[in-house]
Amino acid sequence: MISDRVKKGLKRAPNRSLLKACGYTDEELERPFIGVVNSFTEVVPGHIHLRDIAEAVKKGIYANGGTAFEFNTMAICDGIAMGHEGMKYSLPSREIIADTVESMAKAHGFDGLVLIPSCDKIVPGMIMGAIRTGLPFIVVTGGPMFPGELRGKKYDLISVFEGVGACAAGKITEEELKEIEDIACPGAGSCAGLFTANTMACLTEAMGLSLPYCATSHATTAEKIRIAKRSGMRIVDLVRNNITPDKILTKEAFENAILVDLALGGSTNTTLHIPAIANEVKPKFITLDDFDRLSGEVPHIASLRPGGEHFIIDLHRAGGIPAVLKVLEEKIRKECLTVSGKTIGEIIKEVKYIDYSVIRPVDNPVHETAGLRILKGSLAPNGAVVKIGAVNPKMYKHEGPARVFDSEEEAVDAILGGDIERGDVVVIRYEGPAGGPGMREMLAPTSAICGMGLDDSVALITDGRFSGGSRGPCIGHVSPEAMAGGPIAIVEDGDIIKIDMINKKLDLALDEEEIKERLAKWKKPEPKVKKGYLARYAKLVSSADEGAVLRYD
């Protein structure tokens with residue numbers, strides 16, 4: 001066992017003494033050492049219940065003959081960080097989380113890991129760090145929050161964000177907004193729709209890194225505790241059988257995750273996180289081109305929030321991710337191994353129930369095209385991303401004058417102030433990975449646009465990114481970003497922007513010579529942050545089309 005390096009032999013008497021100071025017995029030191037990576041915190045609703053899940057995991061580890069060592073890493077709530085400087089730290093926190101998992105596992109000689117993440121950046125961050133260790137690992141995602149209810153109608157966090165815009169437009173009163181605010185998030189769990197956290201949980205299961213039904217099993221249920229306990233038992237078997245990440249995370253496993261993502265219409269943030277996770281297996285193992293290639297293989301089969309009517313609880317009751325895999329069976333790579341010990345094909349064979357009103361058959365989909373689309377053109381030579389499944393079909397093609405803003409705050413003030421007209425294309429730049437720095441989510445401006453009823457006539461384009469809760473014609477991840485001298489940096493108010501989601505095009509309606517002349521005159525602005533973690537991050541981070549990972553060179 002790897003743990004022998006810290007516990008075996010005469011020279012390791014001091015190491016054993018320190019472990020005994022923690023209360024571990026000689027008998028416990030003989031067993032496989034399993035690191036239980038928790039991300040409990042009292043400030044993130046998706047993580048406030050994770051101590052209970054960790055306890056269940058540890059019981060499972062001991063039940064199967066392992067010894068559990070729990071430690072923590074950080075977790076940022078994107079919703080609380082939204083709309084202010086705090087959001088600059090969200091995406092960069094993914095790299096810190098990866099580093100902490102790698103560091104703790106390597107320093108203490110663990111034989112395997114159980115990861116307990118829940119929200120947006122914590123899921124990919126933990127997985128990235130675990131891959132670096134080369135150790136067997138299993139993921140127990142914290143589970144979704146139930147939707148809130150008021151007078152027979154269901155609500156979630158996005159209801160509150162959009163309520164702000166509706167209130168600003170005079171559609172609802174402040175008292176009505178307060179009512180929604182009070183009930184929309186009723187307790188523990190990741191926000192109730194197919195936003196980034198739940199999307200990443202679904203893709204983690206589709207990749208084979210979680211037990212079946214883990215992704216959609218809700219946060220505070222006994223079912224989640226049982227899955228956690230079984231995961232603890234299962235990691236000991238993975239260690240004994242040396243089922244390392246390379247045996248599970250094949251190219252085909254990543255393709256399964258992307259196919260599920262495209263079919264469900266998941267968060268656009270997956271186009272950052274899946275390439276970043278794959279990059280830990282092999283550089284450029286998965287790129288935007290893979291999303292583009294696979295988008296032609298599956299339709300959009302589930303009408304889930306924010307673009308649709310159903311919540312994750314509906315997806316779970318309809319059969320969860322195994323049912324989604326079953327519906328996509330003809331396209332899924334069924335030979336892929338999972339942490340359950342079964343292949344994806346074997347999991348598919350065990351599916352007994354599918355509610356086709358929620359998970360639609362491929363011959364009767366929600367939309368004929370996949371839920372995400374990669375756009376390229378003179379405004380985004382290296383690519384941009386849109387959740388087409390959450391866009392009003394009237395906006396699939398759109399031409400309009402640019403309204404240019406160099407920060408999210410400026411754009412939100414203009415939108416809520418009534419300065420944006422129907423037909424406009426709002427451009428928010430210098431919000432990319434390096435320019436922000438941190439590539440903030442633009443949920444406040446997109447929710448304001450939707451809440452004010454402009455999402456059928458106003459598009460938003462940014463080198464920043466969007467919350468998984470964003471809906472409407474929101475095109476993000478424009479690459480190269482403005483801070484890198486991409487064409488988005490030279491857009492001027494009134495320039496016509498052409499959007500064609502059907503043909504995957506995003507163009508600035510200027511001739512090539514004009515674009516070249518403007519780019520030649522462009523001067524890189526001073527960094528917004530000059531000290532601390534964000535300053536270091538801005539210097540090392542790669543482009544959004546490369547997953548916004550940190551460069552080693």
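Using the three backbone atoms N, Cα and C, a Cβ is placed for every residue, glycine included.
LYS121 (Mg(2+) binding site) carries neither a helix nor a strand DSSP state and counts as coil. Look at Swiss-Prot and you will find ASP78, ASP120, LYS121, GLU441 tagged as Mg(2+) binding site.
The [2Fe-2S] cluster binding site feature in Swiss-Prot is assigned to CYS119, CYS191. Counting every protein chain shown, the number of other Cβ atoms lying within 10 Å of the Cβ of CYS191 ([2Fe-2S] cluster binding site) is 31. In the three-state DSSP classification, CYS191 ([2Fe-2S] cluster binding site) falls within coil.
Sequence-distant neighbours of LYS121 (Mg(2+) binding site): residues of the same chain at least 6 apart with a C-beta under 8 Å from its C-beta are ILE76, ASP78, SER90, LEU91, SER93, ARG94, ILE97. Look at Swiss-Prot and you will find LYS121 tagged as N6-carboxylysine.
Around the Cβ of SER467 (active site, proton acceptor), a 10 Å sphere holds 31 further Cβ atoms from the protein chains shown. What Swiss-Prot lists as active site, proton acceptor is SER467, and the listing cites sequence analysis.
For SER467 (active site, proton acceptor), the nearest of the binding-site residues CYS119, ASP120, CYS191, GLU441 in terms of C-alpha separation is GLU441. When each of the binding-site residues ASP78, ASP120, GLU441 is scored by how many other Cβ atoms sit within 10 Å of its Cβ, ASP78 comes out lowest. Cα of GLU441 (Mg(2+) binding site) to Cα of CYS191 ([2Fe-2S] cluster binding site): a distance of 16 Å. Taking the Cβ of CYS119 ([2Fe-2S] cluster binding site) as reference, residues of its chain lying under 8 Å away and at least six apart in sequence are, in sequence order, VAL44, GLY46, HIS47, ALA75, ILE76, CYS77, ASP78, GLY142, SER190, THR196, ALA197.
Cβ proximity to the Mg(2+) site centre (mean Cβ of ASP78, ASP120, LYS121, GLU441, cutoff 8 Å) flags the following additional same-chain residues: ILE76, ALA81, MET87, SER90, LEU91, CYS119, THR196, ALA197, ASN269, SER467. Here the C-alpha separation of CYS191 ([2Fe-2S] cluster binding site) and ASP120 (Mg(2+) binding site) works out to 10 Å.
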